[in-house]
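Engineer: I have a structure I would like to understand better, so I am pasting it below and will then ask my questions one at a time.
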Amino acid sequence: MSDQRGPTGRRDPDALVRRAGVRGDPDRDQHFLVDDRVLDRLVEYLPEGTDRSHLLEVGGGTGALTDRLLAAADRVTVVERDPTLAGFLRAEFADEVAAGRLTVVEGDALDVDLPEFSASVSNLPYGVSSEIAFRLLPTKRPLVLMFQKEFAERMAAAPGTDAYGRLSVTAGHYADVEVVEPVPKEAFDPAPAVQSAVVRCTPRDPEYEVPDEDAFMDLVTACFTQRRKTMRNAIRNTAHISGLADPEALVEAADEDLLRKRAGKVTPAEFAELAVLAREVGAA
Ligand SMILES: C[S@@+](CC[C@H](N)C(=O)[O-])C[C@H]1O[C@@H](n2cnc3c(N)ncnc32)[C@H](O)[C@@H]1O
């Protein structure tokens, strides 16, 4: 292994790409992060006091982030779908693999068994970033994840803003979600078509209770498919998505002010109230 190191003593990301002998393939979601400063900051975005005993990285690429995670954690597991890159990671970090500090899992992050990790820091493959995020969020572990900027903003959006929607409510069900840094295209090799942003997810229980998580999520999804309609009409029109057996019973029982709003102004707690009410009045 070459000992080329960047200013912070970590491996130089451009040198890693050269050593791996690959060109990132955008069709396979391969955009390697080559900006040292962004790479160095990512792990520091974990919430204060995060258990760093076992960090998970989804999409290891040529290992620039893996290297930073190894410096910050006791153990790292990296999942990488591309066999060439998985092989390169095993060779490049052979010492850490031999010491039991790094496990390279070759496979699709949507299919492989994930280990019991304490937190995740990942520059996600954008083609499946939503699916991966919703695999990680229910584990209730701190997450620092790179997404397309627009997706990141929708995840973190507050009620009443343009970006607020299903994604904001469902992600916010598991964690406090914050956009902590916009990242320009030039930070990647090759540069993606869109801007990126780093999101921090700090797990916590929601400020409401729901009788059935799936029923709550289905109701939220249903109402946002009709976001231009009032909630009254959205509830009535979307039983095929919400799964409500008797949407009319919910409309009859629900608060009039809430029914007049559009989904974009309904808070997560109000959606939860509706899910509870649906159960109480036998509409679920
Ligand atoms: C945006 S790159 C990030 C690479 C590296 N972590 C970095 O920051 O430079 C995403 C990586 O995920 C890999 N990948 C794409 N789809 C994947 C999947 N479904 N499961 C696991 N890895 C995947 C790609 O091969 C690529 O190496």
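Keep in mind that glycine also has a Cβ here, set from the backbone N, Cα and C atoms.
Note: TrEMBL annotation is automatic and uncurated.
Below, the features straight out of TrEMBL:
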type	residues	note
BINDING	His31, Leu33, Gly59, Glu80, Asp108, Asn123	S-adenosyl-L-methionine binding site
COMPBIAS	9-23	compositional bias 'Basic and acidic residues'
DOMAIN	38-205	domain 'Ribosomal RNA adenine methylase transferase N-terminal'
REGION	1-23	region 'Disordered'
Engineer: Identify which of the binding-site residues Glu80, Asp108 has its Cβ surrounded by the largest number of other Cβ atoms within 10 Å, counting every protein chain shown.
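Structural biologist: Compared across Glu80, Asp108, the most Cβ atoms within 10 Å surround Glu80.
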Engineer: The record lists His31, Leu33, Gly59, Glu80, Asp108, Asn123 as binding S-adenosyl-L-methionine. What's the largest Cα to Cα distance among them, in Å, rounded to a whole number?
Structural biologist: 20
Engineer: Kindly report the helix/strand/coil residue split of the compositional bias 'Basic and acidic residues' (9-23) according to DSSP, in that order.
Structural biologist: 8 helix, 1 strand, 6 coil
Engineer: Among all the protein chains here, how many other CB atoms are within 10 A of the CB of Leu33 (S-adenosyl-L-methionine binding site)?
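Structural biologist: For Leu33 (S-adenosyl-L-methionine binding site), the count of other Cβ atoms within 10 Å is 21.
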Engineer: Pick out which of the binding-site residues His31, Gly59, Asn123 has the most other Cβ atoms within 10 Å of its own Cβ.
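Structural biologist: The largest 10 Å Cβ neighbour count belongs to Asn123.
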Engineer: Could you tell me the mean pLDDT over the domain 'Ribosomal RNA adenine methylase transferase N-terminal' (38-205), as a whole number?
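Structural biologist: Averaging the confidence scores along the domain 'Ribosomal RNA adenine methylase transferase N-terminal' (38-205) gives 97.
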